[in-house]
Amino acid sequence: MDQSNMTSLAEEKAMNTSSRNASLGSSHPPIPIVHWVIMSISPLGFVENGILLWFLCFRMRRNPFTVYITHLSIADISLLFCIFILSIDYALDYELSSGHHYTIVTLSVTFLFGYNTGLYLLTAISVERCLSVLYPIWYRCHRPKHQSAFVCALLWALSCLVTTMEYVMCIDSGEESHSRSDCRAVIIFIAILSFLVFTPLMLVSSTILVVKIRKNTWASHSSKLYIVIMVTIIIFLIFAMPMRVLYLLYYEYWSAFGNLHNISLLFSTINSSANPFIYFFVGSSKKKRFRESLKVVLTRAFKDEMQPRRQEGNGNTVSIETVV
């Protein structure tokens, strides 16, 4: 794999730099409008997710769902931070020195790390809510207390492993034939994991969830929570999923798909920035929108009527991980 493809932004910057050096006196090429939009949206999304993370960590009691949302916000924050710095770097058009080059690579890898984690977490959210509807007794009485935290830790570890494989085999590889074959193997593995495991799980569990909710009137009590889940997944599939497809194609067909890189980054930025807006508008009361405290709005959006319960020694049941 040609090392000039270590990051798509680095590739574009190198091409722009060489083009200017070849034509003396040429003016600085205009920054694509897409990068201006990214540099406008990503700080807003970063602040939104930061505020959301602060409320989830310090102002609200946790339930199984908010544990996942907390980790999803961390993944979105890391993604938005990296994409903002990459866009600023592209706009300033620094020379690609060795140290600067690897800084860009580090940011790009962290960006992929946040993206992969977001996909895995959304799948876990969808699957767990589906299980809570299919097996309500297990969910309320027998679900392990720290299952959400344990699943999140496993998914972060899986994301780290997948991202490291992608970096070592595809981004930081040389031009040797064995490196190219190793990269193809990693691409196939990631494609199977993303499009034949996690995405189908997300779609199937979401479909089952919608069907079960429509058939059960009791689900209306926590309908806002299900709306949050469904809208978040739909936004992810529309805006974020194309980026993974393009990134896998870049490694082999950069010349054909490289021009779509900026659009895929913009879509991914929109996805990560949209989540806090989804939580706010779904949790807001139509009659009191913009007049309620953020804590009240988030509590309503994340309220879980099917709170897990735990058996005590005296035979009584008590609720755990309730939301204020």
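Every residue, even glycine, has its Cβ placed from backbone N, Cα and C.
It should be emphasised that the depicted structure is a prediction, and the values quoted were computed from it without experimental measurement.
Positions annotated as topological domain 'Extracellular' by Swiss-Prot, on the basis of sequence analysis: 1-35 (among others).
The N-linked glycosylation site annotation in Swiss-Prot covers Asn5 (among others).
Per Swiss-Prot, N-linked glycosylation site is recorded for Asn16 (among others), and the stated evidence type is sequence analysis.
Residues or ranges marked as N-linked glycosylation site in Swiss-Prot: Asn21 (among others).
Here Swiss-Prot flags 36-60 (among others) as transmembrane segment.
Among the features that Swiss-Prot reports, topological domain 'Cytoplasmic' is placed at 61-64 (among others), with the record citing sequence analysis.
Feature annotation from Swiss-Prot assigns transmembrane segment to 65-86 (among others); the stated evidence is sequence analysis. When Cβ-Cβ distances below 8 Å are used as the criterion, the transmembrane segment (65-86) is approached by residues 7, 9, 38-39, 42-43, 45-46, 49-50, 52-53, 56-57, 104, 107-108, 110-111, 113-115, 117-118, 121-122, 124-125, 128-129, 148-149, 151-152, 155-156, 225, 265, 268-269, 272-273, 275-276, 279, 302, 304, 323 of the same chain, each at least six residues removed from its ends.
A mean pLDDT of 70 is what the model gives for the topological domain 'Extracellular' (87-103). What Swiss-Prot records for 87-103 (among others) is topological domain 'Extracellular', and it gives sequence analysis as the kind of evidence.
Sequence-remote contacts of a segment are chain residues at least 6 beyond its ends whose Cβ falls under 8 Å from one of its Cβ atoms, and for the transmembrane segment (104-127) they are 6-10, 65, 68-69, 71-72, 75-79, 82-83, 85-86, 89, 96, 151-152, 155-156, 158-160, 162-163, 166-167, 171-172, 194, 198-199, 201-202, 205-206, 209, 229, 232-233, 236, 240, 243-244, 247, 268, 272. Annotation comment: Swiss-Prot describes 104-127 (among others) as transmembrane segment.
Residues or ranges marked as topological domain 'Cytoplasmic' in Swiss-Prot (evidence: sequence analysis): 128-148 (among others).
The transmembrane segment feature in Swiss-Prot is assigned to 149-171 (among others); the stated evidence is sequence analysis.
Annotation comment: Swiss-Prot describes 172-184 (among others) as topological domain 'Extracellular', evidence class sequence analysis.
Positions annotated as transmembrane segment by Swiss-Prot: 185-205 (among others).
Marked as topological domain 'Cytoplasmic' by Swiss-Prot: 206-223 (among others).
The annotation transmembrane segment is assigned in Swiss-Prot to 224-244 (among others) on the grounds of sequence analysis.
The topological domain 'Extracellular' annotation in Swiss-Prot covers 245-262 (among others) and rests on sequence analysis.
Residue counts for the topological domain 'Cytoplasmic' (128-148) under DSSP, helix first, then strand, then coil, are 15 helix, 0 strand, 6 coil.
Taking every listed stretch (149-171, 224-244, 263-283) in turn, the largest tally of C-beta pairs under 8 A with the transmembrane segment (185-205) is reached by 149-171.
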